[in-house]
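K.L.:
Here you go, one structure.
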Amino acid sequence: MKALLVALVVGMAIPAVAAFLLWYERRLLARLQVRHGPNRVGPQGLWQSLADIIKLLSKADTMPHTAHPWLFRLAPVMAFLPVFMAFASLPELDPHMNIGILYLSAILSLEVLAILAAGIGSHSKYALLGGLRATAQMVSYEVPLTLALLGPAMAAGSLNLATIVSHQHPLPYILTQPLGALSLFIAGMAEAHRPPFDLTEAESELVAGYHVEYSGVRFALFVVSEYAQLLFLAWLMAVVYLGGGPIWSLGLKILGTVSVVIWLRATLPRIRADQLMALGWKVLIPLTSLNLLWLVAWNL
Amino acid sequence: MRIKQISRGFLKGLQVTGIHLFRRPVTHPYPEQRAYTPPRFRGIHRLIVEDCVVCRACERVCPVNCLTISGVRGDNRRFILEQFDIDYSLCMFCDLCVEACPPHCLVMGPEFEIAAENRHSLRRSLLSQPKEEMV
Amino acid sequence: MTPNREEIVQEELMLNLGPQHPSTHGVFRMVLDLQGETIVGVTPYMGYLHRGFEKLAERRTAIQYQPYPDRWDYLAAMFDEMAYIGAGEALLGIQAPRRAQVLRGIVMELNRFASHLLWLGTFLLDVGALSPFLYTFREREMVLDLLMELTGARLTYAYMRFGGVHHDAEDVWLKKVRAGIPYFRQRLSEYRTLIDDNEIFRRRVEHIGIIDGTHALHYGLSGPMLRASGVPWDLRWKRPYGIYAEIPPRIITDLAGDTYARYKVRVEEMAVSLDLLEIFLDLVESGPIMASVPKVVKFPKQETYFAVEGPRGELGVYLVGNGTAYAQRMKIRPPSLFNLQVLSQLLIGHMVSDAVAILGSIDIVLGEVDR
C-alpha cells in the first residue's frame, strides 16, 4: 500500500519536475545566447511550462487521416511509460531493488519502440526518417550505456544502485573511472536525444523528426517524457558516478549535470547520422571496454 | 595529440558560450521598451496641413498610387486641402513623396505600428492627425 | 526465416523538402530521391516568391523604380540599388560626385558585413549550432541600426539616387562607424574561436559539396562560391566601379572548393569588409552628394550591362532604354539563382544532413532567386 502511494506521488511529481527542467533549459539557453527567455508568466517566467501544458491540453486533437490509428495513439504513451518505470530503480525511491542496473537498461530500451511506432504510425516521411535514425541511434547507444553502467556495478559488486552509492565513499567513481563517467554522459545524452545528438528531431533537417505530426496532448506527452528522461539520466549519473548523497547534494549534482548538457547544446553543432554511429561503435564502446579492463587491472 | 586538439576546440567553444552567460541580454522586451527609431526613421507620414499647396507632386511620384489628394480653390486663390489619404496597405515607405514635396510639408514620423483589424482601417487621413503628434 | 538480399524490395524514397521547411531559407523547394539517407536525385523547384520585378521596371518611371531594387535581395539591398542606379547612370552618362561614391562604398561594405553575418548565423543553424545565430544577429542589428540612422530604414534603404545618394552622412555617424570597426573585429575572432576548431563542425562541413574551379566557371558561379573553388574573381577589382578602382585588391580565395572553404572565404571577406570600411572612412571628403540630374529622368535609346560584386556574387542589371522615362526592358542577373543551379550536382551522393549544410553554404536569398 505504501509502495503504491509512493509510486503515485512520484508519478505526479515527475511531470512537474520535467516542466521545471523545461523552463530551466529555456531560461539558461536564452542567457547563454544573450536573450531573456520566457519571462512573462509568473516570476521570472517560472510558470511558462505550466501555461504551455495548459495550452497543449486545450488544443484540438488532430490525427493525419492516413496515419495508423493504433500506433499513432499508442506511441506517446509508450514513450511516457518506460521512462516513468525506470525511476523505480533509483536508490532514493527504492533502495532494495537488487537488479537495479539490469532493470533500468531493460526498461530504457523499450523507449525505442515508442519512437519507431511514432515514426511508422504517423505516415509521414520526415517522421519515418526520424524514427529510423532514432532506432539506429538508440540501439547502438544501449551498448556503451550498459557497459558504462557495468563499471560501477563491477566495482561495487552489486547491481543495486543503493549499494553502488554506498561504495562511493570517500571517492566517487568519476575520479576512479573517468572514462566510464564520460561514456555514460555521452551515451546518456544520445539516449535522451539531447543536442548535439538530436538528429532524430533535427529541426533544420527533419523539421521535428518523429513527432512532426503530433500536437496537443500527445505532443505534450512526448515532451514530458523527453525531459523526464533527461532528469532520469542526470539522476543516474549523479547516483552512479558522482556519489549520490543527501537530497540537497543530489539535487545540486542533477542540476549541475543538466546545466552542462544545456551548455553543450548551446555550443555544439549537430552531429551527422553516420558520424554518430562511428562515435558510438568506434569510440564509446572501446572507451567503456577500456574502462572495464582498467577496473580489472586495478583490482588484481 | 589529436585528442588534445579536439578537446581544446570543444573547451574554447564552451568558453565562448560560457562568457555570454554573464553578458547582458541584448533583446528588448518590446511593448515596455520602444524600438529604436532614429530621426530619419521612415514611419507613418505627417503633414503640415497649412503649408500644403495641393500640387500633387507626391501623388504623381508615388510608385504604388497609395495617395489620394483633393483640394478646392479658396478665396485668395490658394488651394485648400480637402482630402489627404494614404493607403498603408499599399505604401512601402520609400520616401519618394517626401523627397518630391516642394514646400517640404510632408515628413515621415517615428511611428511604425500600423497593424489594423481590417484593410479599410489601413487607409488613413493625414488631415485628422492630432495636433500634439505633429512635432 | 530471413529473406535473401535480392528478395528485399528496395525503393527510392521521395522526400519533399520545402517550400515550408525551416532550412530552405524562404520558399525554395527541392524534391530529393533518397536511398536510405543517401541522396541519389535532386529536383529543385523555384518561383514561389516571384513578384515580377523585371516587368515592373517597364511600368514604373526611372525615379519611381528607385525603391524597388531593395526588394530583390532584401538582405543586401544596397547592392541591388547600386546595380540599378549604376546601370541607369551609365545610360544617362551621369557621374556621382566623389563624396557620394565614398558613401556608397561605406554603405555597401556595411551591408555586405550584415549580409554575411546573417549567412553565418543561418548556416550554423542549418548545421545545428544554435548560439552563433543569436550572436551574429546581435552584431547585425548594430550594423542595421547604423544603416537605419543614415537612411531611415532597416532593410529597404532607398538610399541611392541617380547621380548620388539621398542623405548625407554626418560626422557623428562616420565616427560611429569607425568606432564600431574594432568591436566587430573582436566579435569576428570570437566566432572563429567558437566555430573553427570545433571537431563536429569540421566533420560536418569538410569534404562535402565539392566543386572545382573549372566546373564552377562552367556553371556560371560567382562570388564566394567561385572564390572558394580557387578562382580569384571579384568584380570589385576585376571590373572596378565607383571608389573601388582606387583600392588595392584584396581577393580571398580558397582551393578546396568544399563547404568549409566557402565558410572560410565568407568569414575572411567579412574581415576584408571591415578593412575596406576603414580605408573608405579615410577617403571621406566634403563635397556635394548629388550631381546635377534632370528633373525627369529619361533613359536614352541605348542598352547597358552593369554588374556589382554583391555578397552572393555578380549582381548585374541589363537595362534597355527607349527614350522615355520607362525602361524598355530590364533583366537582372541574380547571383543566387546562378549559384543555385549547381545544387543538384553538389548534393548527389551526400546525406540529408549534408543537403541542408550545402544548401546553406550556397547562401541563397529567395527574393533574388525568384525576383
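Note that Cβ sites are derived from N, Cα and C of the backbone, with glycine treated the same way.
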K.L.:
Among B:C55, B:C62, which is the one TrEMBL gives for the [4Fe-4S] cluster 2 site where B:C91, B:C94, B:C97 also bind?
P.N.:
B:C62
K.L.:
If I take the alpha carbons of B:C58 ([4Fe-4S] cluster 1 binding site) and B:C97 ([4Fe-4S] cluster 2 binding site), what is the distance between them in whole Å?
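P.N.:
Here the two Cα atoms are 4 Å apart.
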K.L.:
Sort the residues of the domain '4Fe-4S ferredoxin-type' (B:82-111) into helix, strand and coil with DSSP and give the three counts.
P.N.:
5 helix, 9 strand, 16 coil
K.L.:
B:C62 ([4Fe-4S] cluster 2 binding site): which of the binding-site residues B:C52, B:C55, B:C101 is the nearest Cα neighbour?
P.N.:
B:C101
K.L.:
Kindly report the helix/strand/coil residue split of the domain '4Fe-4S ferredoxin-type' (B:43-72) according to DSSP, in that order.
P.N.:
8 helix, 9 strand, 13 coil
K.L.:
Which residues does B:C52 ([4Fe-4S] cluster 1 binding site) neighbour through Cβ under 8 Å, counting only same-chain ones at least six apart?
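P.N.:
Looking at Cβ-Cβ distances below 8 Å from B:C52 ([4Fe-4S] cluster 1 binding site), excluding near sequence neighbours, one finds B:G71, B:F79, B:L81, B:F84, B:P103, B:C105, B:L106.
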K.L.:
Using C-alpha atoms only, work out the spacing between B:C55 ([4Fe-4S] cluster 1 binding site) and B:C91 ([4Fe-4S] cluster 2 binding site) and round it to an integer in Å.
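P.N.:
Taking the Cα atoms only, B:C55 ([4Fe-4S] cluster 1 binding site) lies 20 Å from B:C91 ([4Fe-4S] cluster 2 binding site).
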K.L.:
Within 10 Å of its Cβ, which one of these binding-site residues (B:C55, B:C94) has the largest number of other Cβ atoms?
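P.N.:
Sorting the candidates by Cβ neighbours within 10 Å, the top entry is B:C94.
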K.L.:
Select from the binding-site residues B:C52, B:C55, B:C58, B:C91, B:C97: which have any Cβ-Cβ contact with chain C shorter than 8 Å?
P.N.:
none
K.L.:
Determine, to the nearest whole angstrom, how far the Cα atom of B:C101 ([4Fe-4S] cluster 1 binding site) is from the Cα atom of B:C91 ([4Fe-4S] cluster 2 binding site).
P.N.:
16
K.L.:
Sort out for me which one of B:C58, B:C91, B:C101 has the most neighbouring CB atoms within 10 A, since those are the binding-site residues we care about.
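P.N.:
Going through B:C58, B:C91, B:C101 one by one, the largest Cβ count within 10 Å is at B:C58.
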